[in-house]
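Peer 1: Okay, handing you the structure first.
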Amino acid sequence: MNLERYTEQARQAIAQSQVLARESAHSKIDLPHLAAVMLRDAAGLPAKIVQKAGQNPQNIYQAAQSELGRLPKVSGTEGGQYLSSRLASALGRAEKLADELKDRFVALDTLLLALAETGYGGLQASAVRQALQEIRGGRTVNSEHAEGTYNALEQYGLDLTRQAEEGKLDPVIGRDEEIRRVIQILLRRTKNNPVLIGEPGVGKTAVVEGLAQRIVKGDVPEGLKGKRIVSLQMGSLLAGAKYRGEFEERLKAVIQETVQSAGQIILFIDEIHTVVGAGKAEGAVDAGNMLKPALARGELHLIGATTLDEYREIEKDPALERRFQPVFVDEPSLEETVSILRGIKEKYEVHHGVRISDPALIAAAQLSHRYIADRKLPDKAIDLVDEAAARLRMALESSPESIDALNRRKLQLEIEREALKKETDAESKFRLGELEKEIADLEEEIRKQQAEWEAEREIMQKLRAAQQRLDEVRTQIEQAERAYDLNKAAPLRYGELPKLEQEVNELADRMAGAQFVRPMVTEEDIAAIVSRWTGIPVAKLMEGEREKLLRLEDELHKRVVGQDEAIVAVADAIRRARAGLKDPNRPIGSFLFLGPTGVGKTELAKTLAASLFDTEENMVRIDMSEYQEKHTVARLIGAPPGYVGYEEGGQLTEAVRRRPYSVILFDEIEKAHPDVFNVLLQVLDDGRLTDGQGRTVDFRNTVIILTSNIGSPLIFEGIQSGQSYETIRERVFGVLQQHFRPEFLNRLDEIVVFRPLAREQIAAIVQIQLEAVRKRLAERRITLELSQEALDFLAQRGYDPVFGARPLKRVIQRELETPLSRKILAGEVADGAHLYVGSGPLGLTFEARPTAVA
């Protein structure tokens, strides 16, 4: 026996037989070892041949295993060192069969045929030989990896026309122009290879699926009728090709099978750019070069699909590119997207077992178009519908909230009951009796609601089963009508179909009044998914949120004292956005806050972020003092190609891509280089910015706040000379126009000059600052009370019209926090104490009281 004459898979089978004999402690390798190894994999080549020969491979495998269990075991010496005479004779016969079949190597299927000729396991040699020849398709074994080339299209391809016949493809709505153009190119004599080019998610693969469905229906010109579209899986072709030349052999077999079909098979390669360089190794030929000759001669019909960016890979090889005809697939319009969603709705309803309302489909198209900027229609709209239906299905299959709440209440009462059982006093016994009654009432209510929910769920499951059956019947009708089998089609179309449609409608009507199960996907469900994906609140306003928006000024005034103009301007912009009246192509609002230091410009931005998002974390703060040089603009939008940090993206663009709904604060903008403002022009006007990598970032759901100290000297001058606020404002605007370009100022929604703080406002700020001190003391359970004199002392010491509220912070630190920290460290103020702060001739006085005064 010359092992070099065997293919790689045949050698592996013999080696594994030896391993099996050794593990089983059998002295010889025999026919059952080889049979068990060959038929172990139900999807392997030997199992397929046995099945094609009309026998069950699993039965033969089980018989081989039982025979192995009966063979005598040896001990003391290592097993599997000899071939049995039966196996040696079978291997000799396999080599002779290879010569008869004109093979250069003994393949795995030849071994199986030799096994069949011994009569092992009841295998019929003639049937196995016929199956072998069918699978080989007239080819001979000329390489060590020949098995990988048998039935290459079946192994490495997916028949889209067969899937269309079985109703496994989603309906393709629209795209008629693209499908017609593909058909036109396929009917050419040479270079009849269309390549679909478009952005990810616009429906390139759907065009090919639409063509497969048209071929099945016969809705194509004569030249395409009866043809098969096979999608080639490049991953399967490459997977497991360990040895040089194995990948090329597989691809060659695919090309040969396609060419031999005499134009009956059209290959479809999704992500066709992967064939350029696929399988390339030193001295090897890549897939693209192997396809060229057959493509040029028109023997190979090929449809490709790739994105605009990745088509460049093919453009690098002009000889390959000229063999393709590009077909551009554009993003569908909103109306077309809604039509597509209506067409595929039924498939999703059947899969999830829920109904999808038409307004939900319209909302999915509109909201995805408006809020999900980095993806394309119809893909993003379909994803929204799919996820909303999955979310509803998950809710339907879990216990309703009302039953959960009752169960939690019952558990709480049961814990209380167990505690009261140990008490003996009359009051506890009375309470125990009340508890028993309440628990019994709860159990009754839970039982009642549980029964209702179970009944509704049962109807829901019946509805899902009926929808699935309806879908199956429609597919069967289509198949019967295509085959002109009217005896089968008529009873289905006029008997079973109307009956099932009526059943589905009746069950849907019964579900309409359901208390616990809501089987309909609505606009609110779609809006909730959009909010979860993007963080943008697009759901309908709840009553609480309406109140909050109407009282937004009061919320902002809690932390920002005075500055009514600025607060009203910001609050109005937020209300316009949430009511849906803002310009859809601009940010929610863009404001320039001017004024002296310490009057609340930055604090207002922080407060707005906290009231919109319940946390200041959602504020993107960019300190413009870091952007004083021209080249620092690249830090905002990302470095250009070829520079360090190109992959990282910009500080501004990346922050907004991750959180499209946020407050962006550009602090101290007058300190930045003038070129930075050129970047902001597009953001303020169109609500978009292109980063260093060419991606468009959407700023339409951001609030942009810029702060500046420009004109501060004029404000100080005006305050000291007693000028009115209006006069100061006019003078500040004059300075502003000298510093910033008109096109920048013209794009801002509002320019607000903050007023200097008055003495009364400082008194209100004292209370806000003290609240922060109280929060820090709360960790030690120390409460703080200040007399009116102490408050007046802090306000008077902290008032400085030129420096705003910041000196007040320093006064509180010096006069209150520092002496207080000394007293805590000295042990004069214990944890849990109540501290009373008064005012004396030398400053603040501290008196620790043991308990808090009510």
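Keep in mind that glycine also has a Cβ here, set from the backbone N, Cα and C atoms.
Pulled the feature table from Swiss-Prot, pasting it below:
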| type | residues | note |
| --- | --- | --- |
| DOMAIN | 3-147 | domain 'Clp R' |
| REGION | 6-71 | region 'Repeat 1' |
| REGION | 83-147 | region 'Repeat 2' |
| REGION | 151-331 | region 'NBD1' |
| BINDING | GLY198, GLU199, PRO200, GLY201, VAL202, GLY203, LYS204, THR205 | ATP 1 binding site |
| REGION | 332-535 | region 'Linker' |
| COILED | 382-513 | coiled coil |
| REGION | 545-756 | region 'NBD2' |
| BINDING | GLY595, PRO596, THR597, GLY598, VAL599, GLY600, LYS601, THR602 | ATP 2 binding site |
| REGION | 757-854 | region 'C-terminal' |
Peer 1: For GLY198 (ATP 1 binding site), what residues in its own chain, 6 or more apart in sequence, show a Cβ-Cβ distance under 8 Å?
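Peer 2: Within the chain, GLY198 (ATP 1 binding site) has Cβ neighbours under 8 Å at LYS204, THR307, LEU308, PHE328, VAL329, ASP330, GLU331.
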Peer 1: Please report the Cα separation of THR597 (ATP 2 binding site) and THR205 (ATP 1 binding site) in Å, rounded to an integer.
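Peer 2: Their Cα atoms are separated by 59 Å.
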Peer 1: What whole-number Å value do you get for the CA-CA distance of GLY595 (ATP 2 binding site) and GLY203 (ATP 1 binding site)?
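Peer 2: GLY595 (ATP 2 binding site) to GLY203 (ATP 1 binding site), Cα-Cα distance: 53 Å.
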Peer 1: Give the residue from the binding-site residues VAL202, VAL599 that has the most other Cβ atoms within 10 Å of its Cβ, counting over every protein chain displayed.
Peer 2: VAL599
Peer 1: List nothing but the one residue from LYS204, LYS601 whose Cβ has the fewest other Cβ atoms within 10 Å; the candidates are the binding-site residues.
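Peer 2: Relative to the other binding-site residues in LYS204, LYS601, LYS204 has the fewest Cβ atoms within 10 Å.
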Peer 1: Quick one: mean pLDDT on the region 'Repeat 1' (6-71)?
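Peer 2: It averages 81.
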Peer 1: Would you list the other residues of this chain near ATP 2 - those whose C-beta lies within 8 angstroms of the C-beta centroid of GLY595, PRO596, THR597, GLY598, VAL599, GLY600, LYS601, THR602 - in sequence order?
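Peer 2: Neighbours within 8 Å of the Cβ centroid, excluding GLY595, PRO596, THR597, GLY598, VAL599, GLY600, LYS601, THR602: PHE593, GLU603, THR707, ASN709, PHE754, GLY804, ALA805.
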Peer 1: Using the CB centroid of GLY198, GLU199, PRO200, GLY201, VAL202, GLY203, LYS204, THR205 as the ATP 1 site centre, which other residues of the same chain sit with their CB within 8 A?
Peer 2: ALA206, ALA305, THR307, VAL329, GLU331, LYS376, ASP379
Peer 1: Report, in whole Å, the straight Cα-to-Cα distance of PRO596 (ATP 2 binding site) from VAL202 (ATP 1 binding site).
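Peer 2: Pair distance, Cα basis, whole Å: 52 Å.
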Peer 1: What does DSSP say about LYS601 (ATP 2 binding site): helix, strand or coil?
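Peer 2: Its secondary structure by DSSP: helix.
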Peer 1: Using the alpha carbons only, what distance in Å do you get between GLU199 (ATP 1 binding site) and VAL599 (ATP 2 binding site) once rounded?
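Peer 2: Here the two Cα atoms are 49 Å apart.
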Peer 1: When the Cα of PRO596 (ATP 2 binding site) is compared with the Cα of each of the binding-site residues GLY201, GLY203, THR205, which one is closest?
Peer 2: GLY201
Peer 1: Reported as an integer number of Å, what is the Cα distance between VAL599 (ATP 2 binding site) and GLY203 (ATP 1 binding site)?
Peer 2: 54
Peer 1: When a 10 Å sphere is centred on the Cβ of GLY203 (ATP 1 binding site), how many other Cβ atoms does it contain?
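Peer 2: Cβ-Cβ neighbours of GLY203 (ATP 1 binding site) within 10 Å number 28.
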Peer 1: Just jot down the residues in the same chain as PRO200 (ATP 1 binding site), at least 6 apart in sequence, with C-beta under 8 A of its C-beta; none if empty.
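Peer 2: PRO200 (ATP 1 binding site) has long-range Cβ partners THR307, ARG375, LYS376, ASP379.
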Peer 1: For THR602 (ATP 2 binding site), what is the tally of other C-beta atoms lying within 10 angstroms of its C-beta?
Peer 2: 18
